[in-house]
Every structure is written in structure tokens, then in C-alpha cells.
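Feature annotations, reproduced from TrEMBL:
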- R20: active site (ACT_SITE)
- N38: active site (ACT_SITE)
- 5-93: domain 'Acylphosphatase-like' (DOMAIN)
Amino acid sequence: MAALANHFFISGVVQGVGFRWATCQLAEELHLAGFVRNRLDGRVEIWAEGDSADLAELAHWLENGPDGAHVDAVSKQKVEFKGYNGFHEMMTI
């Protein structure tokens, strides 16, 4: 796995619609590492590490998210690779 990492914030109707679960499923299929969690401000936060093609596929999927979600905006920032092991759902902050 190449040492690339992206940090995303997703806003819209993205909580209570299975966004975290669906993100975990896709991340595992793409062999990405990192985490997904809800934020108290209503956004979903995602940290994803992997190769550029898999990160691009995740970013494309995040534009719409799972059925039931309504994505208003996706913020993406390239960040320093931290070396997460696996992809996990974390507690809301």
C-alpha cells in the first residue's frame, strides 16, 4: 500500500442513514486503512490511507454516499500518512 492519506469531511444529511457503516464496507473492499466517525456538528469525518486509485474511488463514492444520504459538500485534504491498521468506526466527537 502506498503511503497516501486523505482527510474528508462530509456535510448534508449524512448521519442516521448508514453512512459510517457503508463507508466501512467500501473501505474494507478497497483495502483502505483509517476511520470514520460522526461529528457533533452533523458532519461525517473520514481519514483514509491507501493507494491513489482506491482513495480516488472512495472520494467519488463520497459525493453521493449510501442510499438515504444527501451529500451537500465533500471537503478533502491530503494529509500525512499515519499508518493506521484496518478501517474502523470511531466514537462521535
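Just so it is clear, glycine is given a Cβ too, placed from its N, Cα and C backbone atoms.
All TrEMBL annotations are machine predictions without curation.
Rounded to a whole number, the C-alpha distance linking R20 (active site) with N38 (active site) is 8 angstrom. R20 (active site): 21 other CB atoms within 10 A of its CB, across all protein chains.
Within 10 Å of the C-beta of N38 (active site) we count 19 further C-beta atoms, all protein chains included. On the 0 to 100 pLDDT scale, the domain 'Acylphosphatase-like' (5-93) averages 96 in the predicted structure. Secondary structure at N38 (active site), taken from DSSP and collapsed to helix, strand or coil, is strand. Per-class residue totals from DSSP over the domain 'Acylphosphatase-like' (5-93), listed helix then strand then coil: 22 helix, 35 strand, 32 coil.
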